[in-house]
Every structure is written in structure tokens, then in C-alpha cells.
Amino acid sequence: MAGQAGSLQGRVAFITGAARGQGRSHAVRLAAEGADIIACDICAPVSASVTYAPASPEDLDETARLVEDQGRKALTRVLDVRDDAALRELVADGMEQFGRLDVVVANAGVLSWGRVWELTDEQWDTVIGVNLTGTWRTLRATVPAMIEAGNGGSIVVVSSSAGLKATPGNGHYSASKHGLTALTNTLAIELGEYGIRVNSIHPYSVETPMIEPEAMMEIFARHPSFVHSFPPMPVQPNGFMTADEVADVVAWLAGDGSGTLTGTQIPVDKGALKY
């Protein structure tokens, strides 16, 4: 499913949560296909309820360096996707610098653990605020620029396998990701007349800091039945897939080779959701 070399030549991509993990892989992969990159990340703790270490401004600088190593330009900004004004300012700055916007990868997201009735308000508000509301704010800021550019384009919403199934132990995360599925499909219809495609991807077990194996194992130890909702991947029974493998799918969706697809949900799961 990898894009063809140079398949995004001359295009511009906007990527959230780009300082490390999947977001960095998406930025570098799209740059390798020829796109200039507008990238942002909060680069700071989101909430005390999110216990894994946050990305840093230096991480975002490294993403920019890796993009530039591909011979492409990078415009980066430290911002919170919950901050509407900051998002709009970055989009405006990107349009001023590059003159167009062709691809949006709404990737920013956070995760915490707990049973539904035991979640704190802070856990709920943080996960829903970043994953669902933050994605909506990203789309609200970028879609007018894509329409104005008049080149059609592709929006890739990074959901999760949790957006297609139940995930005991993080129901708030699952709710946010199911919400992205509805948002994706509605937007696909609304943007059809502008030639802009909208699809969601649903990765499973990707090696990023968000995985936080210790926290996951702790909740499985306390509630052993939950583990049945997290099966092994048939073609990779052990370990996690890499962020670069997910980026291959994003590159394909960003380019013209996936031009027949809009309003689709693509599991990036190596078969795990078939259990």
C-alpha cells in the first residue's frame, strides 16, 4: 500500500501530533513522497491524568530536520489542538508560506486507563478534548484552506482499532475514537463536491510512547478478562507494529492511488480485528 515515489510532489500536508511516534513517521513519509510539511504538537504535558512522558520541543525540531533531510520544507509550531486560535494561525501561516493545502493528517491523541465508572472528570475531559474535539478543531481550521486552494485533496483521520470495537479499560478513549468514525463519514459526504476525500485509519498495537505497557499490564492484572479484547495480530503474533508501517497506509491514502476511497474505515491491524 506504499505510495509511489514522488506521488505527492508539489503538495502540502498538515499533520498534528507530529513531534514523535506516528505523527513523525507520517511527516517524514509524506515528505519522502514530495510534500512540504506543516507540523504541530503540544510538546508539553497534556494533563496529570496522562501518565506517559510527553513529547518535547526538541522532538518537534527533530521531525523538522528529518523532513528537511528529504529535501522538503517544514513549518512547525508548538500548539495544543484544543486551541482554536493557534490552529487557525498556523493554517494561515502555512497558506502564506506554501500557497496551498492538499493533505491533512489529524493524528494528535492521548490515552489513559480506567473502567468507565471509575474515570475522573479530568481523564474524560482530556481524552475527549484532545482526541475528538481537537480533531474537529483541526478539521474546522484546515478544511476552508483546502477548499480555497481548489485542488481537492485527502484528509486522513487517525482513529484506532478502539474506534471499531470495545476496549475495556479505556472506554473514554474508545468513545473518542468511535466519534472520529462518525466525523469522518459525515465529512466525506460534505466535502465530496469539493473533490476532497476523507478516510479514517484504525491502527492496533503500534510501538509508540502511548502504549505504556506497564499501565496496560496493571489493568489486565486486576481484570484478566479484559485481555481477550486485545488479541495478537495473526501475521505478527508477538510485539507491536512500527509507526512507519502505519505511515505507509497514510501515504497511500494521501495520494491519488486511493482516489476511489472516501468515507472508509481502514483497520491497520495485521488481522487482529478478525478475532
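The backbone N, Cα and C atoms fix where each Cβ goes, and this holds for glycine too.
Feature list (source: Swiss-Prot):
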- Arg20, Gly21, Gln22, Asp41, Ile42, Asp80, Val81, Asn107, Lys177, Val206, Glu207, Thr208: NAD(+) binding site (BINDING)
- Ser160: substrate binding site (BINDING)
- Tyr173: active site, proton acceptor (ACT_SITE)
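Everything Swiss-Prot records as a feature, shown here on the structure.
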residue: Arg20; record: NAD(+) binding site; Cβ contacts under 8 Å, 6 or more apart: Asp41, Ala55, Asp59, Glu62, Thr63, Thr208, Pro209
residue: Gln22; record: NAD(+) binding site; Cβ contacts under 8 Å, 6 or more apart: Asn107, Val158, Pro203, Val206, Thr208, Ala243, Val246, Ala247
residue: Ile42; record: NAD(+) binding site; Cβ contacts under 8 Å, 6 or more apart: Pro54, Ala55, Val78, Leu79, Asp80, Val81, Ala108
residue: Ser160; record: substrate binding site; Cβ contacts under 8 Å, 6 or more apart: Gly109, Tyr173, Ser174, Lys177, His202, Pro203, Tyr204
residue: Glu207; record: NAD(+) binding site; Cβ contacts under 8 Å, 6 or more apart: Gly239, Phe240, Met241, Thr242, Ala243
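Classification of Arg20 (NAD(+) binding site) by DSSP places it in coil, neither helical nor stranded. Residues Arg20, Gly21, Gln22, Asp41, Ile42, Asp80, Val81, Asn107, Lys177, Val206, Glu207, Thr208 are recorded as binding NAD(+); their most distant pair of Cα atoms lies 23 Å apart. All protein chains shown were included, and the count of other CB atoms within 10 Å of the CB of Lys177 (NAD(+) binding site) stands at 28. In this structure, Tyr173 is the one among the recorded positions Val81, Tyr173 with the smallest number of other Cβ atoms inside 10 Å of its Cβ.
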